[in-house]
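Sending over a structure as structure tokens; questions will come in a sec.
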Amino acid sequence: REAGRRTYIPVMSGENKLSWQVKDLIPNSEYYFRVKAVNKIGGGEYLELRNPIIAEDPKQPPDPPVDLEVHNPTSKSVTLTWKPPLFDGGSKIMGYIIEKLAKGKERWERCNDYLVPLLTYPVKGLEEGKEYQFRVRAENAAGISEPSRITPFVKAVDPIEAPKVFLAANLQSGLEVKRGDEIILEAHISGSPYPSITWLRNDEVVRPEEIKKRVTTYTRKKKVRDSIRADHGTFTIKVENDHGVAKASCEVNVLDTPGPPVNFVFEDMRKNSVICKWEPPLDDGGSEILNYVLEKKDNTKAEMGWVTVSSTLRHCKFHVTKLIEGKEYLFRVFAENRVGSGPPCVSKPMTAKDPFSPPDPPNKPDVQDVTSNSMVVKWNEPKDNGSPIIGYWIEKREINSTHWARVNRNLVNALEIKVEGLLEGLTYIFRVCAENAAGPGKFSPPSDPKTAQDPIIVPGPPSCPEVKDKTKSSVALAWKPPQKDGGSPIKGYIVEMQDEGSTDWKKVNEGDKLFPTCECVIPNLKELRKYRFRVKAVNAAGESEPSPATSEIPVQDILEEPEIFLDIGAQDFLSCRAGTTIKIPAVIKGRPVPKTFWEFEGKAKTTAKVEATDTRSVIIIPECNRSHSGRYSITAKNKAGQKTVHIRVNVLDVPGPPKDLKVSDITRGSCKLSWKMPDDDGGDRIRGYVIEKRTIDGKAWTKVNANCGSTSFVVPDLISGQEYFFRVRAENRFGVGPPAETIQRTTARDPIHPPDPPIKLKIGLVTKNTVSLTWKPPKNDGGAPVTHYNVE
């Protein structure tokens with residue numbers, strides 16, 4: 001019971017124990033307890049505590065602090081850090097006591113007058129050069145803990161640290177300000193002893209008086225008020241002590257309008273246009289030049305203002321047009337960046353006029369290659385007077401007329417022209433003028449008169465004759481006509497020959513028996529004798545020069561080895577559909593005429609039909625099937641040799657039946673079919689398989705899957721207990737082949753296995769001659785109901 005109450009509350013009853021742990025007490029409350037013994041007769045008298053018990057945890061001094069460490073030693077002080085005790089003794093830690101021990105002494109000295117509430121403490125007042133050890137104690141309401149682990153000896157000396165300097169985070173990628181804004185550069189510096197600081201700009205020391213007292217320098221910060229464009233550059237802070245030097249730099253860009261463009265010049269000055277050209281400003285104002293503004297002014301009129309030519313120029317060049325010839329102009333150009341426009345660059349005065357004059361007249365033209373309707377006019381190039389000649393104008397005039405007519409509609413770039421469309425029998429003269437950028441010049445003197453008529457001369461020589469055929473007593477020749485017929489049609493040709501060992505040329509035909517075409521056969525030659533031949537062309541003006549002569553040609557029969565050309569698109573492979581007719585035509589060449597025969601896979605093909613002539617042989621196979629696939633060969637023989645050509649034929653058809661169709665993994669709702677690919681794929685890749693099923697009493701087949709890509713398939717949706725037959729057919733792009741069917745019927749039912757063992761066997765009532773057993777059925781009945789149990 002609580003000390004302030006009279007009623008006791010039972011906390012334990014009916015247990016045969018001599019001790020008991022009472023729970024759920026209210027902390028810091030006072031309680032009385034009593035206990036009595038009980039047997040079958042009843043309870044005895046209570047044994048009661050005389051004084052109340054307070055419900056509180058026992059208190060004791062805390063454990064010592066842990067992880068004591070020394071930091072930042074100097075010649076006068078060190079900094080200690082630690083972690084609180086692992087156990088506070090049941091009472092809140094009130095603070096910590098720090099103690100030190102100088103080397104060579106035996107007594108520990110307290111460093112703090114009052115308890116330290118934090119986990120760190122700077123120990124001051126150390127003697128420079130001496131070594132010290134430190135320890136810490138924790139204190140709670142129950143007392144002071146044991147001391148912590150003692151630190152190693154620490155010497156009271158200042159640390160040696162090379163200087164370090166880092167620019168503020170916002171300056172890491174540089175600083176950009178507009179003109180007139182303030183430049184503020186701030187750096188973070190460390191080092192022992194503390195380093196000296198120097199600011200530099202572009203590797204030169206910055207002094208306030210150098211920038212008209214606009215610069216303010218603090219220990220770690222530099223300010224430049226009212227910045228100007230000249231303030232841009234690389235600012236560097238340099239820190240230095242006895243142990244080293246450190247630097248940090250920042251690119252400062254002061255944005256301003258760009259300077260004026262430079263080197264304004266004129267190019268290609270004309271009477272109504274000029275090309276203005278300049279170079280970018282020497283200073284872009286710290287920002288990319290976005291564009292240029294070009295303006296012009298009529299310098300002949302003082303009251304005229306500046307007129308904008310273009311304000312969106314991206315390049316330093318512009319072609320100014322629509323100028324007035326003879327006027328004087330001034331030009332100026334501004335550069336613009338994202339801050340604004342800079343001062344202009346003004347050109348020198350420029351007068352709009354051409355720097356050259358029209359060309360001189362050409363010399364007297366020369367007329368050549370006169371025909372009945374055309375003449376070729378030629379001339380020499382005149383002086384261009386400062387501008388390249390861009391072409392020529394040609395005029396013609398009949399000798400009895402006073403009117404000159406233009407020959408060409410467009411400028412002629414060559415030094416000659418073929419004038420066509422002339423009237424036969426009329427006499428013409430011609431004149432020429434040149435034109436450059438300043439315009440056309442004066443015409444040349446007229447040419448000598450020429451009458452439009454065709455000249456007649458002997459033709460040119462034919463080409464060298466070629467031997468087209470020969471026998472043991474004749475030679476067949478062919479040649480090409482002359483390139484020029486001399487102005488008169490070719491009447492025919494004379495052939496001359498030279499006998500072996502002779503230097504004389506004999507005519508094969510006379511002038512009254514000309515060969516009318518470019519070929520002939522020369523008979524009555526001596527076998528194995530050698531001859532040379534040449535040809536002359538004849539027109540109304542006479543005989544031409546002879547053609548080049550042939551080399552010595554022996555008169556004998558020509559032997560040509562057989563050649564075979566298969567007259568089909570694919571020279572070595574032929575594909576066709578089953579049921580169609582195969583025709584393989586071959587063109588045969590050779591002298592004498594070769595004999596031909598066909599073979600299939602090295603044997604004579606007796607079922608095929610062969611149609612043959614001296615120059616052609618065709619093998620025909622009507623209504624072909626897969627057995628006709630294979631290699632066909634045609635062989636041609638004559639005295640000169642033998643030639644064989646092969647072609648492979650692939651007859652395409654539906655695939656054959658799949659192999660080894662098996663049924664496995666049968667359940668009441670599904671089964672697995674597996675098979676192998678057909679021996680014959682029909683000559684084409686198998687695209688898939690068609691799976692079908694039918695019940696034992698059904699006649700129709702039902703598709704299970706229209707296109708199976710593998711050689712196995714799980715047939716779903718079977719009716720439990722129903723008997724089925726299955727079949728599988730392969731399919732390629734030519735259709736579905738014959739099926740492979742299951743021979744034995746398949747019943748849709750789950751497989752039956754022995755059941756699992758019964759579980760939870762227990763022994764019940766036992767007598768001197770019986771025992772009672774109980775158990776639970778197995779978790780898995782093996783696919784069929786359990787019929788009975790065997791007890792052993």
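Cβ coordinates are placed from backbone N, Cα and C, and glycine is handled just like the others.
Heads up, TrEMBL stuff is auto-annotated, nobody curated it.
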From 209-235, 344-370, 479-505, which range did TrEMBL mark with region 'Disordered'?
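Here TrEMBL associates region 'Disordered' with the stretch 344-370.
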Do at least three C-beta pairs under 8 angstroms join the domain 'Ig-like' (163-253) to the domain 'Fibronectin type-III' (260-355), pairs 6 or more apart in sequence?
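In this chain the domain 'Ig-like' (163-253) contacts the domain 'Fibronectin type-III' (260-355) - 3 or more Cβ pairs sit under 8 Å.
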Quick one: mean pLDDT on the domain 'Fibronectin type-III' (260-355)?
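Overall, the domain 'Fibronectin type-III' (260-355) comes to a mean pLDDT of 90.
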